[in-house]
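K.L.:
Input: one structure, supplied below.
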């Protein structure tokens, strides 16, 4: 029987709390700045099109607006380009994830993390603030900056997951990582409120505020983050009573495994040990796993493909929800920004609750499959939401619970499971690489989906976009089906063995 929530939380130290908070808020700030772009799409579209074609543009003469901006002739073209920018960002982000995961296992995680945070903040300032202040409107400049932004932001997620994996073992990982993975949703909420609060002054100030805050956060992380217990002269075993990440057999066995967990006495006898004394021989430094070896690990490919489908849906809500609420229901942009946070609220609750349930079950796939099946029904319900903000908010929270929850689980707890499984016993430096593969593959799916969303919406309407989301959610279930059947068989065998013992 897994320990109670309070039981394993009480075994953590202040070092774990500091690591949890610093990695949590570093990604909160990154996602807040990323969310800004989706929150100001209506304003950007209005700025890039002449006022004679766009009623939401400022009151200029058509000739003046066209001469200043001269990007697109109508709002539809601007919308398609915004979708293309989303895809450009996600494709570069996906490529960067594959690279940064490998780099993160070979270079100090703190350096890579801070470089991504501060560099991305600088690029976003150039993209959204400086170009508007200097009245520079150039498609190729926008595309180039957004490619660079995607590459820089890709350095953050594999690093923060690897740092969390260094500090937290398997016991309670579903709950801890489920709670911690709310960082993206909290960042979305923070970004929505920051953007809506300064949007009346111009969209460039939304980019200014979030980029400055993100840069400051990168500096704090650089001076305050400890990437491993070894940095304070302690072994992983002495830092926590949980299963040690490096030496505990159980910490390497993922929840996807159908083998029965065995707790060995020698593991407990070695707990609370400090790092080797100077007169003892130093252990050989662990070697980083190669990219191909990480890709071929059990469970990595099916979860990566499932995440590609799921992240397409999740990021479509992320990028397009405020735009959809404003255009489809006629609500003001600031109102749409504030209403969109209910999707993230649902995702926060969903990731935490589903992670806790998976801990007590000892399996991840059954929880994922059930949630994704419910997500398909939630998408049908939300696509028929009436023009009522309260009902819309409730349906958004439910949809976020069943879509954002599984997305958070795959990208955090399951990635940590995959990066610490038994096949990696001889190579501890693999968690960032595996996380980069899972999130990178998911980002490829999300990248292709963003342009498809804008294309389907312009040709067929929003209802067909929701049908597309339902199909992609079903695809996620298909990809995890082999793992689901494997875990269900293991649960059945365990149940039969328990009956025989009784």
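Even glycines carry a Cβ here, placed using N, Cα and C.
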K.L.:
Kindly point out the range from 33-51, 52-70, 109-127 that TrEMBL annotates with transmembrane segment.
P.N.:
109-127
K.L.:
When you get a sec, could you say which of 327-347, 390-410, 411-431 is annotated transmembrane segment by TrEMBL?
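P.N.:
Range annotated as transmembrane segment by TrEMBL: 390-410.
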K.L.:
If you count Cβ pairs under 8 Å, which stretch among 12-30, 109-127, 139-168, 174-193, 305-325 touches the transmembrane segment (80-103) the most?
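P.N.:
The stretch with the most close Cβ contacts to the transmembrane segment (80-103) is 139-168.
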